[in-house]
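Right, one structure below, let's go through it.
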Amino acid sequence: ICFIAVCAQDDDNGENETDADQLCENRPADEYFRLSTDGDCREVVRCDMNADNAVTRLAAVKCPTGLAFDLDRQTCDWKTNVKNCDQLEKPRKVQPIFKTDEPQCPDGKLLCGNGECLDKELFCNGKPDCKDESDENACDVDSDPNRAPDCDPTQCVLPDCFCSADGTRIPGNLEPANVPQMITISFNGAVNIDNIDLYEEIFAGTRANPNGCQIRGTFFVSHKYTNYSAVQDLHRRGHEIAVFSITHKEDPNYWSQGSYDDWLAEMAGARLIVERFANITDGSIIGVRAPYLRVGGNKQFEMMADQFFVYDSSITASLGRVPIWPYTLYFRMPHKCNGNAHNCPSRSHPVWEMVMNELDRRDDPTFDESLPGCHMVDSCSNVQSGDQFGRLLRHNFNRHFNSNRAPLGLNFHASWLKSKKEFKDELIKFIEEMLARNDVYFVTHLQVIQWMQNPTELNGLRDFQEWKEKCDIKGQPYCSLPNSCALNTRELPGETLRLFTCMECPNNYPWILDPTGDGFSVRK
């Protein structure tokens, strides 16, 4: 998927003004639409109000060659993926009427688009109740009438709740100079022979934080092709294991529009598989990341609260002057719902959001043009060499360290780090450079939350108990020769998959309807 490319505004000559006024009536300013279905589907326009003379113009945008503009998703994509080249605009949905000069409905009720009054709690509950279905059409973070309230620091107090108006406040109101710069290194995907050696090298037992404990990472594990004996050993050595789904289905809408039961099966099911086959019995699998970072709105977070997941780490925050600290979702999120198919949770949820601050990927931040940020290091597509990667790491470290010291998230797919030896070497060099200081800690997502719940100044961190658990692990893996189970499942016909585990082999390959692998009965 590509960022929208060349932007060119129409000449400001009164000819098109009437047309523009008609086309732009009741149309959101950020919505792109086509003037014609002729041509190659690359050109769209949006309405642009000139603040000086209140004239509406059409700003034209053209996708790069080979791409087409997808009206539904409002972005350029490969032409084969775009199915709406024959349409001029996004389908219009009937909107409810929340603002009227005089009250039209009794207290506790709201107005549907067709003029009927319904109970406020029926709006945005996932099923249409208005005859015109308008009660489900204005449900984002800004418009859901049952949305979480704005941050109220008198009500939201640590250790269970943390929020600030713009998301940049330091927990405990500490001075930045007294705050440890936490860095989280996380990996998404299967853990197996393709990447175990990389993890061994990065997290070599010789690298320790200033408190003497080994550096730690967080692994968002997807199920297929994962070696669970390797996951068991990562956990033994104090790394955090979190879940990234069972199926990792490629259809992004499966995630964005997933039901409560879909999220339950994928994430609680993935946790069950990891606990059973990596023998993790301490209740420490508490984090979720959505595949493709396609957040599942309120349904995902309702499921997480019911299943005692503590945090999500899928919501991205656009590149800003000051990065954002993680926050709880009891109150409204403190930044725009960026990317994520705009399906961030609008309601109040007792869940932490380990927000993914975008990285600034400009090669020369003092000179380069403005570039959109990137949330996974491997999506910083302009980083092609080890030197560029090193500059990216150091520049973003300085952005966090010299402002509010919000945790710096380095999120990877292992395959990117392995694609060039210089990337891995540069990351290790950066880690060692940071560890030579006394104010930087490489910690897990859970350790970030533990610090935020009990903000502790740098000079007291050597005795910070929550960071002393599994401080310096030695010894051997639980089993040097795991069982190699060749398994099938009726859910994946024709596939034989290997499951590596120190535990007994199950009867079937664990999958979404049968996460234990014990077998399942077909529902009659």
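Each Cβ is built from the backbone N, Cα and C atoms, and glycine gets one as well.
A disulfide bond in TrEMBL ties Cys105 to one cysteine from Cys117, Cys124, and that cysteine is Cys117. Looking only at the disulfide-bonded residues Cys105, Cys112, Cys124, the densest Cβ neighbourhood within 10 Å occurs at Cys112. For the pair formed by Cys124 (disulfide bond) and Cys105 (disulfide bond), distance between Cα atoms is given as 18 Å, rounded to the nearest Å. The CA atom of Cys130 (disulfide bond) is located 14 Å away from the CA atom of Cys105 (disulfide bond).
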